[in-house]
Amino acid sequence: MVSLARHFNKPLLSFQNQPITHSLAVSSSSSHIDPLDLYSKEPRQSPKKWYHFLPLCVVVALLLAPHPSIIITITNYYILTLHKPFLASCHLVILYLLMFLIFSSLLVCVVRDPGSVRHHGFMGDDMKATDESEREALRDTSDSEDENMENGAEIGLSEALMSGPSKVGSPEKWCKKCMALKPERTHHCSMCGRCVLKMDHHCPWLGSNCVGHRTYPAFVHFLCGITIFSTYVAIMSAYALWYSFSNPYDVDVYTPIHEMCLALAGIVFALVIGSFFSYHIYLILTNQTTLENISPFLLLRHLPSLPLPHEEEQLYGHRLSEPPKEHELSYKQRMLVKDAHHAVRIYDVGWRRNVGQVFGVKGVRPHHGWVRRLWYGGSSPGDGRHFPRNPGAEELLARLARELMNVDIDR
């Protein structure tokens, strides 16, 4: 009973000095800890469930479904009816070569990482230099904090929580969910629970995976392959179906049914996937991602510092943050941002350079680089963290900031 009473009388929280554990002693006796290592690890992702791969199984089933009808059509029409085995062989080689390319790019989209924020193996020289500068900034900050602790200087709670270099603490450079650095054009995917470099969109049809900097060429290659394959099948089946209607006694009863199903399916998929492919061609030529194209309020994070109000209103300041938040905008300000979104192309540096940023066509070795790009789309050049900007966009952004400020003053 005495020991039990002593146990319950023990306080739940004690501010007395606790004995140093072995792990803490080892860490304190070791070399100086790199502060950036505290933020260099992405949050551990939860493993995908089996139902996340059901849409991918549907995609594979749709890709394999037309092949029995294709073989029946080619065999009955080109070999048994027209007696042209060479033409039938050419059709089979072309179709299955396209299917091989489609599955290759699909495999890359599913297996390859779309772009990890903290994957140092794919950093370029510029990113390594920038990363070293960030490390030096964090080291200087930590050293200054250590000196303050040694000198007995006291800081407030808010200052302690918000301390750190401005480059790391800025909203556009820091992900509050991942607690890690957030490079340019990087977005946090709520489905994957991570940040993705140059994220385009999250696609459930690709095994619930994101399309980002390292998988976007393969994704466009996948759309292009399906569009070409569907168009080819539709044209080939339409010719065979026309022959069956013109010569009903030369073919069997079931072959026209396969030809009609192939023609209809080819037309539908060519129109649907072809429209999606055309949309991404437009995005590539204008150097946009899907998120940037459908989210006009992403422009707010690129606005320069808002101009100060007029002298008579400097006493009251303005209501907008730095940078402005979407929920702070009035109706007129939202309309201004939406109108400016159609004119401001922040990363549009000309269609040739825009295409080169996605496929890296400049300086590609013919015997190696082009084979990979024709095979599965290749990969985008660069580190996915730094992108050249359109010089004309800066003036438009400054004009948008002034107009937003004027509307904020008037309301």
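Placement of Cβ uses the backbone N, Cα and C atoms for every residue, glycine included.
The annotation compositional bias 'Basic and acidic residues' is assigned in TrEMBL to 128-142.
The domain 'Palmitoyltransferase DHHC' annotation in TrEMBL covers 171-294. Looking only at the domain 'Palmitoyltransferase DHHC' (171-294), the predicted model's pLDDT averages out at 93.
What TrEMBL lists as region 'Disordered' is 128-149.
Sequence annotations record features per position, and here TrEMBL assigns transmembrane segment to 53-80 (among others).
Taken from TrEMBL, the feature transmembrane segment covers 86-111 (among others).
Per TrEMBL, the feature transmembrane segment maps to 218-242 (among others).
Annotation source TrEMBL lists transmembrane segment at 262-285 (among others).
Counted over residue pairs separated by six or more positions, the transmembrane segment (262-285) shares at least 3 Cβ pairs under 8 angstroms with the transmembrane segment (53-80), which defines the two as touching.
Within the chain, the transmembrane segment (53-80) has long-range Cβ neighbours (under 8 A, six or more residues past its boundaries) at 87-88, 91-92, 95, 99, 102-103, 106, 110, 204-208, 226, 233, 236-237, 240, 243-244, 251-252, 254-255, 258-259, 261-262, 265.
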